[in-house]
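Working notes, beginning with the structure itself.
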Amino acid sequence: MNGLTLSKKQVRDTWRNITGNYSHWLSFVLLLLVAVIVSPSFLTWNNITNQFVQGTIVGICAMGMSLIISAGMIDLSVGSTVALISGFGVMVLNSTHSIVLAFLFCLGAGILAGLINGLLVTKGRIAPFIVTLATMSAWRSVINQMGQGGPFTVDKDMYAPFRAIAAGRILSIPHLMVFLILITVLTGLIMSKTKFGTYVYAVGSNQQAARLSGINVNRVKTLIFTYAGLLYGLAAFLLASRLTSIQAASAGMGYEMDAIAAVAIGGTSMDGGRGKIIGTFLGVLMLRIINTVLIMANVPPFLNGLVTGVIIIVAVLAQSNKKGK
Amino acid sequence: MILEMKNISKSFGAVEALKDVSFTVHSKEIHGLLGENGAGKTTLMNILAGTFGPDAGTIEIDGNIVEGMSPKKAAELKIRFIHQELNLCNDLTVFQNMFLGEEYTKQRWKVDKKREMEHAQKVLDSMNSGIDAHTIVCELDTAQKQMVEIARALLFSSELIIMDEPTTALNNREIEKLFSIMQRLKAEGVSFIYISHKMPEIFSICDRFTVLRDGTFIKSGLIKDIDEHQATELLIGKSFVQAHIKDGIAASITEEVVLKARGLTGQSFRNVSFDLHRGEILVCTGLQGSGTDELATSLFGASNLEAGMLERPDGPLAMHDIKAVMKRGIAMVPRNRKERGILPDLSIRNNNSLSFYVAKHKGLFVTMREEKERFDASQKRLGIKVGSDLDAITSLSGGNQQKVILSRWLEIDADVYIMDNPTQGIDVGAKFSIYTLIVELAAQGKGVIVFTSEYPEIHQLADRCLVLYKGSTAAVLSRDEISEAAIMEYSTGTRKEELN
């Protein structure tokens, strides 16, 4: 009748677009509403920055996981790798008294750890699940041996400047929040604006076809693990700075699960081939919101994992329904 | 048994595989179901066998409507399906495969291996197959595997046997054996639906025929009322048979060799040599298992050569790295689009760009604008029908998907194009435009190697035809020497050319 009435089809297409391509935004907004209803103070600046501070270290790991899952692989070694590198990082810091050297060590060690995973997957032709299961076990064992039951603690003279990296703020924005946003933007750019990003999705979508299109599948996979390793190294550095004391047995425990959960909730296909970095970013925040809401609603903390588990299943089910249509 | 399928329709996503197709098989007849790849034959048979249901239409057996057909129900109705693909578990023995899902048991739970073995051996012997039921399937060659598939359908008494291209790997002697078994069973009251691309087989074994084209019913009748030429016209359309794509475009074969192959040897082929000239279309053909599949991928560096040499005018090629081969001006459109061609999660535009990024694109960053401009140009050139180039490639019909894959390789502007079954499973219209494109590429001075087993394709395209039989070159035929009979004879080993 006139230009303002939308046809049924337009409404349906718009709805499909929202529930399909923007489902992670939709669930993010819904969760945020729930959080605000449960606790009206949720949207204070203090709380928002606090959510970021809590979420950043897992969030940075989740960005690496996002690439790995988009390429149809998995990485179980996240937590152990972070523990290993942050423990050694503290040792490097204590012995050299140089934050820069400790930082470079963490990034270098991360790259090396990623490269080991990548080469075992590509040159060794072992499934990523098995390779990273093995490195998960191995790295945790190495750092436990090094720690001999005790923590790796930053020396007193380095404590204040080192801790300031994770605890500091610029213009009342926590450094950690800045780190997460920077890494998200960087990873997002890599995935959407470079050839490499297209190759990652191509490998995850149909490895055979990707290879026959000329893509060096092994190199892409190795690079993915290496980039992820670099991010784990950064996460390990920030973890050491935040805690200043690393417990070998418990540091980074469960990071791989949180990272996988964030990627899944963020709408990345667990079969590889499709996903968005912004989805993983929102996934990280959603995990934080769920956590906070449960605490505010007085749900016993032991049940936290149960709720997260259910949400992961629901997220993946929603995805597979989408595919089935 | 009288089978009537009435007004069957079936769509997969946007693709209409069957449109209002009706199909009748009388008792005691061998019914040839004819149609090109993608005409809907296999879909129709899958509906009959209960693999999936139709969107509309009914199946009637002896006048009774069968509701909710399933593979189990089909087996109860004594309908047997010999699939085109070999559905055998390679690590199990022949008799275990034959009884898979229908095991004989003793005391209700123990598999009666002895009884299975004896029964399987009896059936295999009755076919004169020479196969031992104890053999592990992976030790059989393709022809023997096909015999096992057939034997499986003969284990239990049946009233209707569907054979979807049962002879692709068999030689003439084996085919004759199969036909005599079919005649014997027919006399005992069994009906057959026989699907084949090979006209001589259809005419020697079938009583009646039905032709499908692009998912629609074209014609049914008695085999004795038509000849091969009429059948081909029904199959692919009159205009197509009469078209001579090559005639419209001046051939421009030069003396210059753009790809020289000497003594190529791989796992399934040996000592293959040829010269590909600028402007030439060389067709390479052979039965399933003759080595053509591996030869195609070897030419592109995608599977390893054990011996031999490939040379471009600027020197020999290092054959272990696909990217390096691409950079030397060789492109390959792979067979089996679904498995090897498309990236189902990526957009049409990204699917189009991949090889360009690998071989031609300089620098790390890509821009949407440049990518779109390239796709728009290709879209115009190939007449690809798309809604938006940002849609997933799976939203397109098979023909348009294939055009995107072709376009992916046209983007890199190679000198030599290897096309491995480039028209697999697409409709006649799309085939026609792909043939035209291939002929144009040759006219522009590219060298083209087409791998195909479809005679009409060889006929339309080939300047020369290289026939493989069991991994060796059986013949190299010039355009005048190419005929369906000659190619059949060479590819089944009935005739051998003396080559040195």
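Placement of Cβ uses the backbone N, Cα and C atoms for every residue, glycine included.
Bear in mind that TrEMBL entries carry predicted annotations, made automatically and left uncurated.
What TrEMBL lists as transmembrane segment is A:25-45, A:52-70, A:100-120, A:126-143, A:164-191, A:222-240, A:277-296, A:302-318.
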Cβ contacts the transmembrane segment (A:164-191)/the transmembrane segment (A:52-70), at least three under 8 Å, sequence gap 6 or more: yes
Segment proximity, the transmembrane segment (A:100-120) to the transmembrane segment (A:222-240), 3 or more C-beta pairs under 8 Å: yes
Tertiary contacts of the transmembrane segment (A:25-45) (same chain, 6+ residues out, Cβ under 8 Å): 18-19, 172, 265, 282, 285-286, 289-290, 292-293, 296-297, 315
Cβ contacts under 8 Å made by the transmembrane segment (A:52-70) with residues that lie 6+ beyond its boundaries: 78, 82, 114, 128, 174, 176-177, 179-180, 183-184, 187, 191, 200-201, 204, 224-225, 227-232, 234-235, 238-239, 242, 255-256, 258-260, 262-263, 266, 268-270, 272-275, 277, 280-281, 283-285, 287-288, 291
